[in-house]
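Per Swiss-Prot, the feature signal peptide maps to 1-23. Summarising the annotation, Swiss-Prot assigns topological domain 'Extracellular' to 24-149 and lists sequence analysis as the type of evidence. If you look up Swiss-Prot, you'll see N45, N89, N116 marked as N-linked glycosylation site, on the strength of sequence analysis. Swiss-Prot lists 150-170 with the feature transmembrane segment, giving sequence analysis as the kind of evidence. What Swiss-Prot lists as topological domain 'Cytoplasmic' is 171-424. Marked as region 'Disordered' by Swiss-Prot: 333-373, 389-424. According to Swiss-Prot, the feature compositional bias 'Polar residues' maps to 362-373, 402-424.
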Amino acid sequence: MRRVLRLLLGCFLTELCARMCRAQERSGHGQLAQLGGVLLLTGGNRSGAASGEAGEGVGGSDAPPTRAPTPDSCRGYFDVMGQWDPPFNCSSGDFIFCCGTCGFRFCCTFKKRRLNQSTCTNYDTPLWLNTGKPPARKDDPLHDPTKDKTNLIVYIICGVVAVMVLVGIFTKLGLEKAHRPQREHMSRALADVMRPQGHCNTDHMERDLNIVVHVQHYENMDSRTPINNLHTTQMNNAVPTSPLLQQMGHPHSYPNLGQISNPYEQQPPGKELNKYASLKAVGNSDGDWAVATLKSPKADKVNDDFYAKRRHLAELAVKGNLPLHPVRVEDEPRAFSPEHGPAQQNGQKSRTNKMPPHPLAYNSTANFKTWDPSDQSLRRQAYGNKGKLGIAESGSCDPLGTRTQHFPPTQPYFITNSKTEVTV
């Protein structure tokens with residue numbers, strides 16, 4: 001840039017010097033002409049010699065030749081197509097002047113069409129020629145990056161969104177925690193509702209078991225031979241059944257509650273029936289033991305005590321303390337008849353108590369007889385009855401022995417006013 005300025009300044013000074021010289025030359029010729037005219041006017045009447053000398057003096061002043069103008073030099077520039085045109089000199093003949101425009105320059109002979117190159121600005125590379133390069137950004141003194149609030153707005157929006165997300169998460173956790181105790185209480189309430197059913201069923205089964213034991217005890221007492229009975233019933237080794245025993249095979253005592261399944265306590269369906277079948281098998285296996293018991297001396301002692309008590313009762317009857325004509329007592333119909341009991345349970349036939357076809361001796365007043373110790377048939381029959389009674393008692397002392405590990409029944413003690421009291 002400095003070189004260009006120096007070049008322009010040199011050209012300008014050269015041009016200025018040339019013009020000054022030309023002006024001086026012109027001014028010198030005018031002065032000489034004026035002087036010559038004055039001389040001619042003032043000395044018109046002089047002689048020819050004097051005029052000749054004056055003319056020679058003037059001609060001698062015009063003798064030096066005029067200088068030719070210096071040729072111009074056109075500077076290099078960028079044309080309208082963006083191409084660089086190198087500088088050139090106008091020194092060919094009369095074409096000594098740089099003419100044209102800033103974008104197109106040439107040499108000419110007319111001085112009036114001369115181009116003032118100092119006014120042109122296409123000496124540098126144009127901005128549009130730098131393709132792919134953004135223009136240099138000028139620093140704006142009014143722009144302060146510290147006062148720009150665009151980034152701050154973005155930060156504020158992101159912070160608000162993050163806070164809303166956190167609030168939603170904590171709200172959800174709080175609601176779940178608030179509803180969780182209610183669900184726990186509901187589950188506990190359901191558990192409490194379902195558990196008493198299991199306990200009630202267990203208590204009810206224990207109560208049914210106690211009732212069954214009591215009823216069996218009463219049935220055993222009813223099935224025993226009375227004191228004045230001459231013909232006794234045949235006892236079976238099987239445990240007498242009762243209507244309550246059929247209900248014990250079901251895990252639920254009530255039909256409506258039996259449909260509800262207990263998720264906490266589930267009982268196997270055939271457990272009670274299997275226990276009852278095993279109990280019957282144990283009862284069937286007691287027959288051999290009863291035969292061995294009858295042959296023992298302890299059984300003889302029991303029979304002797306029995307005969308002594310029978311003799312004492314006969315004496316009381318003779319004295320009139322006991323009624324000689326016993327009244328027949330009608331037995332209440334039982335809810336469950338052993339003769340029509342279940343045919344099979346767990347593949348075993350149930351044994352029932354069969355009543356003898358002939359009527360009892362005490363039912364008829366004509367057949368009533370006092371005690372005769374010499375009657376061998378009565379003694380033999382009483383001995384058989386006592387043996388069978390021992391068998392029945394041994395089979396019915398613990399009818400549900402296998403169930404006592406879960407529900408131990410209490411063995412009641414019945415107090416009577418009879419002297420033939422037997423504790424079971």
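Note that Cβ sites are derived from N, Cα and C of the backbone, with glycine treated the same way.
Recorded residues N116 (N-linked glycosylation site) and N89 (N-linked glycosylation site) have their alpha carbons 15 Å apart, per Cα-Cα distance. Packing against the signal peptide (1-23) from elsewhere in the chain are residues 67, 69-70, 72-73, 75, 117-118, 123: each is 6 or more residues past its ends and has a CB under 8 Å from a CB in it.
Summed and averaged per residue, pLDDT over the topological domain 'Extracellular' (24-149) gives 68.
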